[in-house]
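Single-structure report; data block below.
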Amino acid sequence: MRRKDIMVLNKPVRAAASNAWAVLLLPPITAVFVIFSRFSLLHPIQTTSECLSLLMSASAIFSFILLGGVILMVGFLNFEYYTVIPTVACSKIALLGQLLHPRQFVNSLAHCIMGVIVAWCCAVTIGGRYETLGYPCTESDGSPQMCLNEYHLIFLLAGAFVGFSHSLLGVIYNMNYVSFHTVQQYKYLRFKGSLPLVVKCSTTQALYSIRNYIVVYFFLGYIPRAWICKTLNLHLNSTAHPLDSIAGLLDLSLLYHLWISATFMLFTWYITLLLFRIFVTEVYSFPVQSSFTEDAHQCLPKVLTEKQPVILKFLALQDLALLSQHSPSRRSEVFSLSQPGGHAHNWNAISKECLSLLSDLTQRLVAYHDTVATNGRAKSMSTGSERTTSSETSGPQSPPMSLFTPDVGSPFASPGLRRLTAPVEQCSPWYGTVQSPHIMRRAPKLWSTSTGKRRFIEGDGSLRSNRHYIELAKLQWQQQLVQSQCLKSWYKTNSCCVLQLPEASSQALFADSQAHIWALEGLSYLVQASFSEDQFGVVQTTLPNILSCMLVLQEAVDRHFKLPHASSKPVRSTSSMADPTYKTLRFALRATLKTAIYRITTTFGDHLNALQMSAEHRKRLQQFLEYKE
């Protein structure tokens, strides 16, 4: 990779390019706004000439400069706040915490200031009664004075209100989330295809924002009006109707100009956001290997394995998924051996990183299920003189329902069940005698052994395990319940948000699953191509690990979709610039995972029977070989 290519990949360079295009589009957008705000059907020729002369005036050039500065500031905020892994609030309290965060306060303040600047430019451009904040008037005794132009004030406050509303909606709907499109398109085609949505979202959001603003100004408009008059030593014209009244706010011309100005503001901001998303997520082709030592750290295996910004990791995984499908020459570089030495460094690095991603997701799902299995009462804080090792004591405590002995070799052997020998904490809901049968029935039966069989507790209350334990201590589950104060404190410490918004918590669990989807596609397509292209057999050495990892993840995903709300699809909104892709990533992951396994089994067929795998994995693999999954 040459230095020039590295500069093109640099995130600030891509963001700067998107901002440059947004600024270049500002003059034609402003011209359209001038026409809509000043054009008259009764005098078309006169208003057209006035619009042209206005666009060439010194005030218009000054407004262009201010608007250009606002566009650059919006682009900077997009670059500063964007993320490829959305933050999903699991509860309304968590969402409120995001809205009240100091970082969000700065963002909202910046949008309010930018809204005022844009509103001032719009008021000056429209002219007439909106042009200035103060105008000369006379008192009752005939002495001259400066009076407040409330039409100009209502424009400035509307800009601040729309900017503040836009900032809040950005947090609520994850506007800063940047997703990667499945279908690859040129930048121009993506921009052209998204333009109608930008127009629709801008006009709709401007309409609702102005509606809300009118209601707020009707009740609270006198507060900023009195403060402005006192601060700037302006007076109220007694002959003019105040605008915080029904008669004042039913001015259709005023409402139209407020709406068209808010639409212009939001349209320029959304265009900037759209261009930023298009440029940042543009596909980049990483070299698999380089002949230059100084550029080796920029190659695909290094970018995947070393610590990099998240956006760079996503671009690398996206490139891996694309090269595995469409580039035989680059695939051959992945399968190649190093010279000298004859080691498959490229394949080992890529496969190791992809398997690590899939294993992390599997462990996350196991931990999530273990928490849900105990109704959110996770975290074992064992007390007493007898303590087991940290690996046996830390983790959830499972309720005494349908206990069984899981296969220790399976990652789905619940950590909570392996820690049943630890003394129950005094503040646990399971400490003491459970007198109500409803408490016992609340424990869900989510786990099964790797062999599909259950071994229940025998009459003496002991639990036997084939591998780790010969005989476990008797489990004492029938004791007195702790006092309500301790129970309440334990719930407050250990209850998680899954009890409040299970669907949101499921979305948060798969928020970064786009990376896992690309890892699955990259691995499966490379394994499929290796059947005919891998001359050295480097893929076959890791094929058992790849299949085992995918099968374990598939079992975890299947278990997750058996939980309440996990399989419910959210309603897709078509009138918002918010990207709801993250809400359906779990469905895309499940489909990609099953497709990836089938892609491998249909390619290798019965050859997979020669692989060394556990009996459980071989049994599940046979289901795919027989097309029964």
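Including glycine, each Cβ sits where the backbone N, Cα and C put it.
Look at TrEMBL and you will find 20-39 (among others) tagged as transmembrane segment. For the transmembrane segment (20-39), same-chain residues at least 6 beyond its ends with a Cβ under 8 Å from one of its own Cβ atoms are 47-48, 50-51, 54-55, 60, 63-64, 67-68, 71-72, 74-75, 122, 125-127, 257, 260-261, 264, 267-268, 271-272, 275.
Summarising the annotation, TrEMBL assigns transmembrane segment to 51-75 (among others).
Positions annotated as transmembrane segment by TrEMBL: 112-131 (among others).
According to TrEMBL, the feature transmembrane segment maps to 151-173 (among others).
Under the heading transmembrane segment, TrEMBL lists 214-236 (among others). Counting residues 6+ beyond its ends, the transmembrane segment (214-236) has Cβ neighbours under 8 Å at 133-134, 137, 139, 145-148, 150, 153-154, 157, 161, 242-246, 249, 255 in the same chain.
Under the heading transmembrane segment, TrEMBL lists 256-280 (among others).
Among the features that TrEMBL reports, region 'Disordered' is placed at 377-400.
The compositional bias 'Low complexity' annotation in TrEMBL covers 380-395.
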Other parts of the chain folded back onto the transmembrane segment (112-131), taken as Cβ under 8 Å at six or more residues beyond its ends:
30, 33-34, 37-38, 54, 59-60, 63, 66-67, 69-70, 73-74, 149, 151-152, 155-156, 158-164, 166-167, 257, 261, 264-265, 268
Please give the sequence-distant neighbours of the transmembrane segment (151-173): residues at least 6 beyond its ends with Cβ less than 8 Å from one of its Cβ atoms.
95, 98-99, 104, 107-108, 110-120, 122-123, 129-133, 205-206, 209-210, 212-213, 216-217, 221, 224-225, 228, 243, 254, 257-258, 261-262, 265-266, 269, 576, 578
